[in-house]
Amino acid sequence: MILLLLLLCVQGNIARIIEKRQVFQRGPDHEQFKWPNNTVHYYFDDNLFDQSMSEAVLRAMELISTHTCIKFSTEPSDVMIRMESDPTQNFCYAEIGHVRPHQKFSFVSACYSSGAAAHELIHSLGFIHTHQRSDRDQYLDFKMNLEDMTPDMRDQYKIYEGQTLYVPYDYGSKNIRMTDTMGTEMLAFYDYLMINKYYECSCDTDLKCQNNGYPNPANCSQCNCPYGYGGDDCSRRAEPGQTVMATLEPQTVTIKLDAGFRNGDERQVDFIYSYLWIEAPANKSIVTRIELVSKEKCVPGCSRGGLEIKINDDDRLTSRRFCCGTGQFDRSFHSPTIVMAYNSVGLDEYIIHYRHDP
Ligand SMILES: [Zn+2]
């Protein structure tokens, strides 16, 4: 008997902080939960789906299908996702994997963004949350008591055994300020890689990708690059952006990122980005301090906009993000050190102070 699992993606603070997704395989039968031919069949239920939210869902499909071998199709099939909206709910959810005819995918306005839609689609592809990985307790100081939760909530936080972990635990940093980095509505480099590994997507190509990129199964003449890298082979800076050279003397650079929607609750369906490369002489670490000039966006995970300096040894991982409060110091041993600003609403302005160590 197939166990149907509904993964609620609750909009409450704690849930938002630690939501992410992860590989979930149900033992030897896990193959049956994969979508055949890497193709996800879906339809919008005309009676139940709020069409004003279709842009977010379609954009999420575009993001996934342009970085992986997954395709989304409205062609009829035995198993299809039924896209619906329940105005009485303030959460979104999806069933995990390829499970049954008209399987559930509920998307409501509280989740409106391409990242939130992608989160649910990744459940549909067969993945659970990162915080439910079998190695979770090595990375999180998990203080919630499962015994105090309703069964639905417990399903959100319990660890699932029998998983294959294709990618590293990506929450940014082991730093205890986890609310700065976790659960943002941005598809991580490792999310795409996880999908590609699970669905065995690859390219038969001589293309050599730089900086830990890999050939993109959706377009084998280009690489999937870690954030901050661009060009066909990830050897260049992603655009738009600028490159500066650190010196011993502190210098400053300003980053402004205007996503529009200055008033009201509306925001971009997707983030806009700007990249700064800070270069330094060989073997010199780079010290940065960020000042937030514009209005604070004190949202868990900096999920409306923020600034991330890639300081992890593995700069494919999400680093700590900054959108709130006073300055943040970081030290990086990468040259270039990548600073990524992203925004979905209003004008964000940062001053970056930077220098290299003696
Ligand atoms: Zn979820």
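Note: Cβ is positioned from N, Cα and C throughout, glycine not excepted.
Residues or ranges marked as signal peptide by TrEMBL: 1-15.
According to TrEMBL, the feature domain 'Peptidase M12A' maps to 25-202.
The annotation Zn(2+) binding site is assigned in TrEMBL to His119, His123, His129.
The feature active site is assigned by TrEMBL to Glu120. Annotation note: Glu120 (active site) sits in a helical segment as assigned by DSSP.
DSSP assigns His129 (Zn(2+) binding site) to coil, not to a helix or a strand.
Across the structure, His129 (Zn(2+) binding site) and Glu120 (active site) place their CA atoms 10 angstrom apart.
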